[in-house]
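Novice: Per TrEMBL, domain 'G-protein coupled receptors family 1 profile' is recorded for 41-288. Taken from TrEMBL, the feature transmembrane segment covers 26-48, 60-79, 99-120, 132-152, 200-224, 236-258, 270-290.
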Amino acid sequence: MRQENQSSTLDFILLGVTSQQKQEEFFFILFLFVYPITLIGNLLIILAIHSDVSLHNPMYFLLANLSFVDIFFSSVTIPKTLVNYLLHSKAISFGGCLTQMYFMIALGNTDSYILAAMAYDRAVAISHPLHYTTIMSLRSCVLLVFGSWVVGSANALPHTLLAAKLSFCGNQKVANFYCDIVPLLKLSCSDIQFNVKMMYLGVGVFSVPLLCITISYVWVFSTVLQFPSTKGVRKAFSTCGSHLTVVSLYYGTVMGMYFRPLTSYSLKDAVITVMYIAVTPTLNPFIYSLRNQDMKVALGKLFSRRISS
Ligand SMILES: *[C@@H]1O[C@H](CO)[C@@H](O)[C@H](O)[C@H]1NC(C)=O
């Protein structure tokens, strides 16, 4: 009991992305630029989609939902990092630490399930164009989104509850710029075997969408290869290419971080987390709108309406 009290009153120290002062400044400036871009870019996507009736279909609703999650995903860690840097503080309360961990896992999972829903949507559109509107009805779209949130939130709960019971014996220095599950487990002086097993299980749940995405793309490619004209092939690849880019970036970095033994983790690896916390959510709006003609038109309309009113 005393141990638990101790860990809830004492602040944790976030060591940051690197131990070098110069590099730390670089990441501060990176976050400072990237965060507003993430917020504005994703907000514009949501506004453009909702204000343009021709984009009111499952593909764009899913994209708007992805942007919605990305806004919260980057807000869990980056503002705290920026404020701490400005205040020359590295402290975070244990409650704050667990909150960051919960939302990072929950939103990260929700994000990946929405990416899977988007892949499924494209697969149905390309392989079953005639049945697309019945299979991807508004109802199934809402179910997919709702399901993503439920699975994401549920997957985060056991890790957070288990972490709340850990003792730290005065080791409060988290080797990252936010409270990530791996450095937190490494700090603990409790028996973490069960936590680690649950973490690998969690990574398994997180990987289900990757499997769905892979199956969807195998389905898409096998359909596309039967198309008689190269024009159809090009069109199919252009709608899927942007999605594939985001997915590979996202899973590539997350897998690099969590699909390996806990002992191999060190502060150096905090840089990998910058990739999926700061870079991927920022790139999403650009990847989708710059390669998509309908999105460009919708964004243009959004701006011209704002200017004329
Ligand atoms: C998420 O998708 C649903 C439809 O499935 C849509 O009604 C809702 O507006 C979307 N959310 C956002 C933030 O765009």
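The backbone N, Cα and C atoms fix where each Cβ goes, and this holds for glycine too.
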Novice: Restricting to CB pairs under 8 Å, which listed stretch, 99-120, 132-152, 200-224, 236-258, 270-290, is in contact most with the transmembrane segment (60-79)?
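Specialist: Comparing 99-120, 132-152, 200-224, 236-258, 270-290: 99-120 has the most Cβ pairs near the transmembrane segment (60-79).
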Novice: Would you kindly list the residues that approach the transmembrane segment (132-152) from elsewhere in its chain, counting only those six or more residues past its ends and only Cβ-Cβ distances under 8 Å?
Specialist: 58, 61-62, 65, 105-111, 113-114, 117, 120-121, 124-125, 205
Novice: Using a Cβ-Cβ cut-off of under 8 Å, list the residues of the same chain that are 6+ residues beyond the ends of the transmembrane segment (99-120) and lie near it.
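Specialist: Answer is 59, 62-63, 65-66, 69-70, 72-73, 76-77, 80, 92, 141, 144-145, 147-149, 151-153, 155-157, 159-160, 163, 178-181, 184, 202, 205-206, 208-210, 212-213, 216-217, 243, 246-247, 250-251, 254, 276.
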